[in-house]
Amino acid sequence: MMITLRKLPLAVAVAAGVMSAQAMAVDFHGYARSGIGWTGSGGEQQCFQTTGAQSKYRLGNECETYAELKLGQEVWKEGDKSFYFDTNVAYSVAQQNDWEATDPAFREANVQGKNLIEWLPGSTIWAGKRFYQRHDVHMIDFYYWDISGPGAGLENIDVGFGKLSLAATRSSEAGGSSSFASNNIYDYTNETANDVFDVRLAQMEVNPGGTLELGVDYGRANLRDNYRLVDGASKDGWLFTAEHTQSVLKGFNKFVVQYATDSMTSQGKGLSQGSGVAFDNEKFAYNINNNGHMLRILDHGAISMGDNWDMMYVGMYQDINWDNDNGTKWWTVGIRPMYKWTPIMSTVMEIGYDNVESQRTGDKNNQYKITLAQQWQAGDSIWSRPAIRVFATYAKWDEKWGYDYNGDSKVNPNYGKAVPADFNGGSFGRGDSDEWTFGAQMEIWW
């Protein structure tokens, strides 16, 4: 009995410590991928992306180690009111050695307060750096609506027929603005702050199993006093988005239409590039003139076709029409079927095609890419992760144009512009060729 009594304080202390640890538990989430690959003609794994396309089909076609490590915690709660602190640090290396030093990217650090406004139950106030309501196509790693960055907002306001969200974020360009210099010389190497103001109305039930989301984004260059932009800079622009999501075959289908103007056309996802400049090989700012418009029509989804088959798919048309004729027309179509041999083993195939036409030359670049992978994953869904896969990829391309980045923009009037593949006896784009790669990769999110 004496021994039991002596052990009691220790047991109480341990229990209190466990309860305290549970109360202060930190949420750990993230994403990572890494692997090793070879190229059929020799050397390390090559990855294949069509010149002018903004993404590539990713299965068996990723050549880097990438990770996002998220730590977060609910730091205060009283009734239904709470504060949550969230962080995210990302890393990317070329996966060529054991020791690969890299500077981390501090991508998220924000606080979200839920139900803090009595007359707006269910809403969230937030401020800080944040991945904000991002919309993407997983199989091509393409974010078509993403205003992430430092910002603040009020989201998920219940308006009866949907949820209203308001936000403002910042996306600064590395250069583009200039202060006065002697002899009226401007270098345009100062950072340009771009503000984006976002309004969304989501979760509107428009048909059985279907919801509609509408959004408007306005972006503008926010100059400091006595600074100026390059003559003809776009300064501002708009992005309009409509997305219909339909529940179908134990999955979903998303149909998206987007239209953007001027500064919102460069990235086409909601981030503004108001100064409209870039830097050449000599770090000299040159005008890329993103005045114009963009139209994007996109359909993508993931479905289940019986007990053994799942499939992802995408089809997209995008037309960037710039006043300087340096835009592109890009269309892409692809599928990723998955056959499940057991609840944890599957065979996955990805077939994708890209075609990009240059507005300036009228020429087209195209690429076919096919990957076959044997995969072991934590579950029987096409979304199940972690996954370990061995793969073989074949790509064939024929490119008739490329971008001219020879010399610098002060002496090369075509710098940064699309030119035919054999322009001035040179070689632009990737030509007409094909290649095999093979390897192994892990992918995880949690």
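Glycine residues also receive a Cβ, built from the backbone N, Cα and C atoms like all the rest.
The membrane topology recorded in Swiss-Prot splits Gly42 and Arg385 across the two sides.
For Tyr143 (site 'Important in sugar transport') paired with Trp383 (site 'Greasy slide, important in sugar transport'), the C-alpha to C-alpha distance reads 18 Å. In sequence order, Ala302 constitute the residues six or more apart from Trp383 (site 'Greasy slide, important in sugar transport') in its chain with CB-CB distances below 8 Å. The local packing around Trp99 (site 'Greasy slide, important in sugar transport'), expressed as other Cβ atoms within 10 Å of its Cβ over all shown chains, amounts to 5. Counting only the Cα atoms, the space from Cys47 (disulfide bond) to Tyr66 (site 'Greasy slide, important in sugar transport') is about 15 angstrom. Across all of the topological domain 'Extracellular' (223-234), the predicted model scores a mean pLDDT of 86. If one looks beyond the topological domain 'Extracellular' (223-234) by at least 6 residues along the same chain, the residues whose Cβ comes under 8 Å of a Cβ in the stretch are 176-180, 186, 188, 190, 192-193, 262-263, 273-277, 285, 287, 289-291. When the topological domain 'Extracellular' (223-234) is classified with DSSP, helix, strand and coil residues number 0 helix, 3 strand, 9 coil.
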